[in-house]
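Comments concern the structure below.
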Amino acid sequence: MDRIAITGGAPLNGAIAIGGAKNACLALMPAALLTDEPLTLTNAPRLADIATMRALLESLGCEVAALNEGRALAIGAERIASRLAHYDIVRKMRASILVLGPLLAREGAAVVSLPGGCAIGARPVDIHLSGLEALGATLELRDGYVHAEAPGGLKGARVTFRIVSVGATENLMMAATLAKGTTELVNAAKEPEIVDLARCLRAMGARIQGEGTDTITIEGVDRLHGATHRVIADRIEMGTYMIAPAIAGGAVEIVGGDRALVGAMIEALEEAGVRVEDTERGFSVRREGDALKAMRFATAPFPGFPTDLQAQMMSLLTQAEGESVVSETIFENRFMHVPELARMGADITVHGGEARVRGRARLRGAPVMASDLRASAGLILAALAAEGETVISRVYHLDRGYERVEAKLAACGARIERLKD
Ligand SMILES: CC(=O)N[C@H]1[C@@H](OP(=O)(O)OP(=O)(O)OC[C@H]2O[C@@H](n3ccc(=O)[nH]c3=O)[C@H](O)[C@@H]2O)O[C@H](CO)[C@@H](O)[C@@H]1O
Ligand SMILES: C=C(OP(=O)(O)O)C(=O)O
């Protein structure tokens, strides 16, 4: 298993280009199941999670070609050879549940493994399932699998989500494109990845309105066709690299930076004393003066502060003057990075969903372990500011969502290398 070694203390100066969004691409790929014509996705990120979704789609009979060195994916689902999403693939990645809606809509039947919990929380899929039932599917849970049927096809309905769920909104949007009649999704997620999926589905012939608001309306059509769609920029990668010069010093231009995607993050950074200035290619980020200021923030659905940037922002706040308060409202167990940051000298206490971060801790390099994707990114950022060497193990978590992280940071002056075991 690879590890990453970082010797902290070097300021970062340069430019970092942002790739296509993992979480958008993971929802766009299963959309290919809705049509027998090819769907081509450009600006695709080259990540482990994308390879996992590719393997899952291939196991269902899709043909997937990687073009332009993997930056574009052409996915053809001319014939669905299997309706079974096997546990062996689904357990690797929760987004696998996103094949359920499209398979059911196109084939009238699907058997999909339940994804199970993960480090950040239990993450049930009840909202996905009750939504599909509202569209007329019959579901049965057997041996860890969801057995879903809709022999006469799905039927449009009004579905009110109990809580805002990105994945359930995506699954239902896709399922509803081929349902008979109109579906209204109420209390829908408003994340940019939802908007991106709606645009792609529309390019495929779907009739969708209201994406980006809390009510999405989908008028079912008889069939969808192929399309080419460009994946939006990864706002979580963007936010992660915005913190790098803020914590390590220096100034980094985020190429492809887009304020509309990271508004809450920019607000939080500015409150902490970080300056964000527009450039022709995006924006540049640097710390204002020497000291960062403590602040409080709570994670929330878009346009609120993203839970996927909470760990990274917490690393930054270990270096702020005073006590910061971080509330995690989306996942019940997303503070796995705290004990690892403590090993590096951070002073953080957690009570329930709230972490109190006392700055300005003197961070020192230590061996630490990545527990999940964004926790790994938080540890990398903390290591950039720590004295001495930090070695992060289990970086396969990081590889799920960050492409060439060592190369991108090293190009800005970070002393970082991947240790191959
Ligand atoms: C691949 C992908 O896009 N992943 C993102 C997606 O995950 P994902 O789509 O899994 O997250 P959701 O928005 O569904 O989860 C929000 C909350 O709802 C709960 N819930 C969700 C579904 C359900 O059926 N029942 C239920 O109780 C979850 O446990 C969680 O507490 O959105 C999350 C919240 O922005 C991000 O952190 C993930 O990076
Ligand atoms: C939690 C994440 O991904 P997933 O939903 O695939 O676990 C993430 O991208 O931060």
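The backbone N, Cα and C atoms fix where each Cβ goes, and this holds for glycine too.
Just so you know, TrEMBL annotations never went through curation; they're auto-generated.
Taken from TrEMBL, the feature active site, proton donor applies to Cys118. Around Cys118 (active site, proton donor), a 10 Å sphere centred on its CB holds 16 further CB atoms from the protein chains shown.
According to DSSP, Lys22 (phosphoenolpyruvate binding site) is assigned to a helical segment. Residues or ranges marked as phosphoenolpyruvate binding site in TrEMBL: Lys22, Asn23.
In sequence order, Thr299, Ala300, Pro301, Thr307 are the residues near Ile330 (UDP-N-acetyl-alpha-D-glucosamine binding site), counting only same-chain partners six or more apart with C-beta under 8 A. For the recorded site, Ile330 (UDP-N-acetyl-alpha-D-glucosamine binding site), the DSSP three-state label reads coil. The UDP-N-acetyl-alpha-D-glucosamine binding site annotation in TrEMBL covers Arg94, Asp308, Ile330.
Per TrEMBL, domain 'Enolpyruvate transferase' is recorded for 7-409.
TrEMBL lists Cys118 with the feature 2-(S-cysteinyl)pyruvic acid O-phosphothioketal.
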At the level of the C-alpha atoms, what whole-angstrom distance separates Cys118 (active site, proton donor) and Asp308 (UDP-N-acetyl-alpha-D-glucosamine binding site)? 14
Who sits close to Asp308 (UDP-N-acetyl-alpha-D-glucosamine binding site): which same-chain residues at least 6 apart have their Cβ under 8 Å from its Cβ? Asn23, Ile236, Gly239, Arg374
At a 10 A cut-off on CB-CB distances, which of the binding-site residues Lys22, Arg94 has the highest count? Lys22
Secondary structure of Asp308 (UDP-N-acetyl-alpha-D-glucosamine binding site) (DSSP, helix/strand/coil): helix
Between Arg94 (UDP-N-acetyl-alpha-D-glucosamine binding site) and Lys22 (phosphoenolpyruvate binding site), find the distance joining the two CA atoms and give it rounded to the nearest Å. 13
In the predicted model, what is the mean pLDDT computed over the domain 'Enolpyruvate transferase' (7-409)? 97
